[in-house]
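Below: one structure, written as structure tokens.
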Amino acid sequence: MTSRTPATIDEADIPVWSHRPKVMPKKVKGPIRNLKWLVMAVLLGIYWGVPWLRFDRGPFAPDQAVLIDLPGRKAYFLWFEIWPQEIYILAGLLIVAAIGLFFATAMLGRVWCGYACPQTVWTDLFMLVERWIEGDRAQRMKLDRAPFSVSKLGKRAAKYLSWALIGAMTGGAWILYFNDAPTVVPALFTGSAGFAVYATVAFLTASTYLMAGVARENVCTFMCPYARFQSAMFDKDTLVVSYHPARGEKRGKHKAGESWDGRGHCIDCRQCVEVCPTGIDIRDGLQMSCISCGLCVDACNTIMDRLSLPHGLIAYDTERNLELAAAGKPRVWRFLRLRTIGYGLVFTLAFAGVLYALIARAPLEASVLADRNPLFVRLSNGDFRNGYTLKLLNKSNEPQQVAITLDGLAGGELSILSHENEASPLIDLAPDTVAAVRVFVRLPAAAWGGAPLDYGFTIHDAARGLTLTAPARFEGPQK
Amino acid sequence: MTEHRKYEIDPVTGSPIHPHSWDGIGELETPPPRWWVLVYLVCIVFALGWWVAYPAWPTISGYTKGLLGFSTRADVAEQIAAAKAAQAPLNDRLAKADYTAIAADPELSAFALAGGKALFGENCAQCHGSGAAGNVGYPNLLDDDWLWGGDFATLQATLEHGIRATTDADTRQSLMPAFGKDGMLTRAQVDDVAAYVLSLSGGAADAAAAERGTQVFADNCASCHGDKGVGLRDTGGPRLDDAIWLYHGDVKSVAAQIWNPRHGVMPAWAGRLDPLAIKKLVYYVHSLGGGE
């Protein structure tokens, strides 16, 4: 990127703001481009398609396969259902994703950026539309320079409107993950959807337009934090987009029929620069702005074909291989390294942990909140009594009934507020809710030894054969 | 025509180098990106608009109100009104329901408890404690001991009319004479009866003194506190044979209370709180574990 600049500048000529050249990538054809189209189609397909999948959860829960129900404080994903207190599962998923990213980066460099990052996918889509409307690089540059005209206005308007439409579809699809898709889409158009829905659509439409239409490579170069620390995961065996200087230099123009002796294979055609979506010159070596999309590989290979030279002047290769090639030695591939094995192991463990947490999730849970003000109450006959609020979580989609008994408190007597007159009361638990049950435990003065007693509440769900014990503590005066 | 300085260009960044330097360290004069400068300018314009639209500038006697008439006080008032309106249907149902009906309706019960708890914190916690565990001289509302009774109707009457409240003719009155101070009993008799009273609940007391105090109690105390100190709710005479004491349960404190008793006062709440609030409070207090 270092262009020739004069050695000095007059104080008055220092600009108020910096001028960055517009990057106008050229169309490119090749296997990597095809792979990128495929990845883009799959990812966008997932994004726009998944909210429409139905999943029967019975009468008490929504039937959308993937749904984050914010008012209901629940998240549904196929068979899995996540409650707010299980948000650690989401944290676990984020950890899994982060380690997965590290693993992929150690193996294949900034491959996430080049293929799967939403910024890349949507920018690619926006550029595709741009190319359809305004033509390829040369035509776009010409249009950019052209004076104002009806035709220019028409093209620009068509482009901006198309972008806005894609932006709206992007924002529109996002809310489907938080609302029942078949209900909210008609509501969206009839104006009966909520303020949050419209605000979200508006915000995401604007941000999609700004990010994929206006900011583009600036996001990858200046905003993305991942770009800043990805190099920490790189080593000499990481696969990165590499220009082989040993083969390419000394670069220069080449006439048909000329001998290749004494010069490099790079003919300085600048195709690799022109197709680059971040506007860099890969021949300057690996740099932060390179998103590893490999379009320069396709572009260079096309030229190599034309020159009847072998592919791979620019290729996915490792730093080690660049050195070996320079020394005239054969390539080595070392995918199993301490770093990749480590990341792989941690990834597997984290993933297994999250999966276990999801699968082993109990449909019934209880937590005990002991009264603290006061810790205990003295009754007329000298007995001590502790009050508790039991939070009973029915995490299933069906109503349940549970019985509560004391476990391990000799002489203790349980009474449940609002069920005082029942011999063996059953507590009703509505589906997918937390029931708060107020209970009192009474202990004869004779049974109190002067130190807190640890025991438990046994919650028994006869219908499902579930029993669980929630730990509790009985407090009294110190003797 | 001013003299312009020449700035050198840094070959690495392409930015001009400011001619000044400190200890040999120079400074780059990198222009900010255009969008940054534009956003900055937009912010300035936005701030000017904000000054005009919203309250902004203090004046000698107030502040500029702004064109939009925005006021956080009005906002809060609006929100309170909205919350009250949202509670109105539940309040209506609560007003019509009796206590057993409230207990049978989980939604109404939860509403009454939440309201009662808030009201308790505002009006009752000062004496009875935020957890309703009471204090010396202020009854514990969590236990099973009641001076006047712990069922809904009695609780409601106590709350409405108060205890020894000067403003309410129907208030609960129970006054214990100052047996020692007014010379009705001698010091020895007071000590004896105090020992007897303690022995009723199994407290540590001088057996001989307690024996002597038996007759003193029967003559002077049983009329209000009942035979053997079982308490009399009609007169509000506290139970003396249990483990619960309003003013400490040691012999000195009991004797002091006989010599010159202290009396707590609870205001009559009927005029201070509306009937619905009292209903919520009664329901809440009854739920604390001592309700009968």
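Note: Cβ is positioned from N, Cα and C throughout, glycine not excepted.
Pulled from TrEMBL:
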type: BINDING; residues: B:CYS124, B:CYS127, B:HIS128, B:MET266; note: heme c 1 binding site
type: BINDING; residues: B:MET176, B:CYS221, B:CYS224, B:HIS225; note: heme c 2 binding site
type: DOMAIN; residues: B:111-201; note: domain 'Cytochrome c'
type: DOMAIN; residues: B:208-289; note: domain 'Cytochrome c'
type: TRANSMEM; residues: B:35-57; note: transmembrane segment
Helix, strand or coil at B:MET266 (heme c 1 binding site) [DSSP, three-state]: strand
Cβ contacts under 8 Å made by the transmembrane segment (B:35-57) with residues that lie 6+ beyond its boundaries: 63-68, 70-71
Largest tally of Cβ atoms lying within 10 Å of a Cβ, found at which of the binding-site residues B:CYS127, B:MET176, B:CYS221, B:CYS224: B:CYS221
Cα separation, B:CYS127 (heme c 1 binding site) to B:CYS224 (heme c 2 binding site) (Å, whole number): 25
Proximal residue to B:HIS225 (heme c 2 binding site) among binding-site residues B:CYS124, B:CYS127, B:HIS128, B:MET266 (C-alpha distance): B:MET266
For the domain 'Cytochrome c' (B:111-201), the number of residues DSSP places in helix, strand and coil: 41 helix, 4 strand, 46 coil
Cβ neighbour count (within 10 Å, all chains shown) around B:CYS124 (heme c 1 binding site): 21
Local confidence of the prediction over the domain 'Cytochrome c' (B:111-201), expressed as mean pLDDT: 94
Max pairwise CA distance, angstrom, over record-listed heme c 2 binders B:MET176, B:CYS221, B:CYS224, B:HIS225: 10
Largest separation between Cα atoms (Å) of residues that the record links to heme c 1, namely B:CYS124, B:CYS127, B:HIS128, B:MET266: 10
Beyond the site residues B:CYS124, B:CYS127, B:HIS128, B:MET266: chain residues whose C-beta lies within 8 Å of the centroid, for heme c 1: B:ASN123, B:ALA125, B:GLN126, B:TYR138
Cβ-based neighbourhood (8 Å from the centroid) of the heme c 2 site, residues B:MET176, B:CYS221, B:CYS224, B:HIS225 excluded: B:ASN220, B:ALA222, B:SER223, B:GLY237, B:PRO238
Distance, B:MET176 (heme c 2 binding site) to B:CYS124 (heme c 1 binding site) (CA atoms, angstrom): 24
